Amino acid sequence: MNATAILYSNNAWLMTSTGLVYLMTPALACFYGGLVENKNFLNQLFLSIVCMAIIPVQWCLFGYSFAFGPGNSVFGSFQYALLSPMAMVNSNGENIDKSNVASVTSLAFVAFQCSFATITPALISGAVVGRMKIIPYMIFIFLWTTVCYAPLARWIVFNGGWLNKMGVMDFSGGLIVHLSSGISGLVAAIILGSRFQFDPDAANIGQTNLAFTILGTGLLWVGWMGFTGGAAFAADGIAALAIVNTNIGAASSMTTWSILDIINGKLRGHNSGFVSIPGLCSASIVGLVVVTPAAGFIQPCYALAMGFIGGVIVYSFLACKRRFFHIDDTLDVFSCHGLGGMVGTCLTGLFCQKDVNEQGNNGALYGNPAQFLHQLIGILVTGIYAGVCTAIILLSLHFTIGIRIHQVDQARGLDNIAHGVIEQRPSQDIKMPSMQKRRQPSNVIATINIEHE
């Protein structure tokens, strides 16, 4: 097969993967929407979908140029602003950007990276349910993608990034997508404060549309095939390996979570078996998150282990969170994405293997303990930077235009306050006069009570 045919096949796979990753943002909207109260259902959908409007604009203006344009190991430049050089390609779609992936064309690479930038701030929305004003939120995701996501992509994903050159391994966004959004969600929840009448001891508040959560889970799982498979930037064996590991990791975590739920249910007296629907859906996401940084670097047996380890750790953390940590991270963004990203990145430093992917490194189990140290450095840098950026942006907005919805408006719900939607109440039953003849002493038939006393 000649070089042009290989380029076309790689492009076809990457553009397919791009579509799958874009699908994940409305899938996330469904996943989150099913877990909130009816009065905030549409607003929660909006918080995810609006990212599909704002982030591609930011990416075209300067986001891509900051992350992947000419520059140094820390900062990009304005040279690729408005993507004007990217459009100047010939009919073969040759790659004009030699500093990035050469196996696909530049525009395909731009689109794929934009799909990642779009879903990342949408993940944060799960931590601010029902209490953040929409205009500050829209400003926040634009600024956050500019000052937080783009630099992290520069440092970790860009071939010349300083963390990349150090040896930090992140196959498909365990650090720049999941850890950064998880930490940012936690910081946002702390700065915003709890929802009005928040009760940390109450379980399953809201969750009136769980069918949407189940649908969102399935669509996210399907979209994740492009999320990890596309990160190979080629239609080859590494892409296939990443997809296989993705499925195994999610399935392993889901199975582990189900077993833990059943055991926990038995201890609480549910003899017929108990499995939480929201928990099961979250378990699949945890497995997907944990395996993401390692998907193209490990054997499938390690994906099985990573799903199990991640499931146990996050399940245990959530049990402790409800008892000891009363921060209103409403939809457990930090637990699933932040903690899951940390666990997956650490395990990547143990299980990665150069014989599996020559573009990676050996992990601690294969004679290279320094790789585990590199992964820890990546976690620390990403977590601290994302937390500081989020705090600065939100506090600046708080002291200028305000970010928190008033308690009275929270009680009414953001569907009404932010979008003007009036919830339709079910029509009251019409009381019809009883046609049954009144029981008079003269028409009462004698009966015998046959119930055992």
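Every residue gets a Cβ built from N, Cα and C, even glycine.
Since the structure is predicted, the reported quantities are computational estimates derived from the model, not experimental observations.
Feature annotations, courtesy of TrEMBL:
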TRANSMEM  12-33  transmembrane segment
DOMAIN    12-420  domain 'Ammonium transporter AmtB-like'
TRANSMEM  45-67  transmembrane segment
TRANSMEM  107-130  transmembrane segment
TRANSMEM  137-156  transmembrane segment
TRANSMEM  176-198  transmembrane segment
TRANSMEM  210-232  transmembrane segment
TRANSMEM  238-260  transmembrane segment
TRANSMEM  272-291  transmembrane segment
TRANSMEM  297-318  transmembrane segment
TRANSMEM  330-352  transmembrane segment
TRANSMEM  372-397  transmembrane segment
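Stretch with the most C-beta contacts under 8 angstroms to the transmembrane segment (176-198), considering only 12-33, 137-156, 238-260, 272-291, 372-397: 372-397. Counting residues 6+ beyond its ends, the transmembrane segment (45-67) has Cβ neighbours under 8 Å at 22, 25-26, 28-30, 32-33, 75-83, 110, 113-114, 117-119, 121-122, 125, 128, 134, 137-138, 141-142, 145-146, 149-151, 153-154, 157-158, 418-419 in the same chain. With pairs at least 6 apart in sequence, the transmembrane segment (272-291) and the transmembrane segment (210-232) have 3 or more Cβ pairs within the 8 Å limit; the two touch. For the transmembrane segment (137-156), the list of distant contacts is 47, 50-51, 54-55, 58-59, 62-63, 66-68, 71, 73-76, 113, 116-117, 120-122, 124-125, 128, 162-164, 168, 170, 175-176, 180, 184, 378, 381-382, 385-386, 389-390, 393-394, 397, 403: same-chain residues at least six beyond its ends, Cβ to Cβ under 8 Å.
Between the transmembrane segment (272-291) and the stretches 12-33, 107-130, 238-260, 372-397, it is 238-260 that has the most C-beta pairs under 8 angstroms. Panel annotation: around the transmembrane segment (372-397), residues 136, 139-140, 143-144, 147-148, 151-152, 155-156, 163, 166-170, 175-176, 179-181, 183-184, 186-188, 191-192, 338, 342, 345-346, 348-350, 363-364, 403 of the same chain, lying at least six beyond its termini, place a Cβ under 8 Å from a Cβ of the stretch. Using a Cβ-Cβ cut-off under 8 Å and counting only residues 6 or more beyond its ends in the same chain, the transmembrane segment (12-33) has close neighbours at 41-42, 44-45, 47-49, 51-52, 104, 108-109, 111-112, 115-116, 118-119, 122-123, 125-126, 129, 209, 212-213, 215-217, 219-220, 222-227, 229-230, 233-235, 239, 281, 285, 331.
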